[in-house]
Amino acid sequence: MDYSTELNTRPRPPASSFTYFWLIFALSQALGVAFVVMLGVWLYKYQKGFAWTENPQVEFNYHPLFMVMGLVFMYGEGILVYRVFRNQKKIYTKVVHASVQAIAVIFIIVGLKAVFDSHNLVQYNFIANLYSIHSWLGLATIILFGLQYIFGFVAFMYPKLGQNGREMLMPLHRYWGVAVYGLAIATSLMGMVEKIIFSVEDYSKKGKEAVLVNFICLVMVSAGLCVVYLVCRPEYKRIPLPEEQAVNEK
């Protein structure tokens, strides 16, 4: 949704002021695609690739891939919808936002199935579920994301609260949107570090795999900073079209 705090009555900035916006947006997209591709390369080349339930230990690799694609990449894309499509009708922007986040939900479900299968279906070297701080924070992040989606959909999409209700909930929705996004990035970083420490013996020797994972983490953080910057700058906020009511809803 929209995460700035300025009122919708602000005058629209000149088009030239958005040049910097588009540069940062392009950078966020390039970095986002880069960390997803690099993550896939790491898992495929260094972590035995991908499999389904016939090989639960390798199925685990779908967990970091889909969780990062859902809770970091697609979540960030959904957050930016109200910045990129600022000149479109609000209902269209809402549909795009909800659809992008729905894709994120699907990715999250696949990622969760992969990690629980990798723990529950193995016939040896049993691994307990939800024992690490990464898993605890990850579960908290998923729950908060789900609550954000449900309450956001009900309050702002359908059946949709009245104006007073939307105005009351929007500051909370804005805050938790950015907070959960940051938590998702932090949890993803913890998970990747945990994975490589467990699976790579020479991590401290700065081998190729260790360096690749470090770069994945750096690129992910950089992409996240770009997203947060764009949504927190008040001059990039969506301003209602003339035919819309000037209600500080988004």
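Placement of Cβ uses the backbone N, Cα and C atoms for every residue, glycine included.
Record features (TrEMBL):
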type	residues	note
TRANSMEM	20-44	transmembrane segment
DOMAIN	27-232	domain 'Cytochrome b561'
TRANSMEM	64-83	transmembrane segment
TRANSMEM	95-116	transmembrane segment
TRANSMEM	136-158	transmembrane segment
TRANSMEM	178-198	transmembrane segment
TRANSMEM	210-232	transmembrane segment
Okay, the transmembrane segment (136-158) and the transmembrane segment (20-44): do they have at least three CB pairs under 8 Å, pairs separated by 6 or more?
no
Would you mind listing the long-range same-chain contacts of the transmembrane segment (95-116), meaning Cβ under 8 Å and 6+ residues beyond its ends?
1, 59-67, 69-71, 74-75, 77-78, 81-82, 85, 129, 142, 145-146, 149, 153, 157
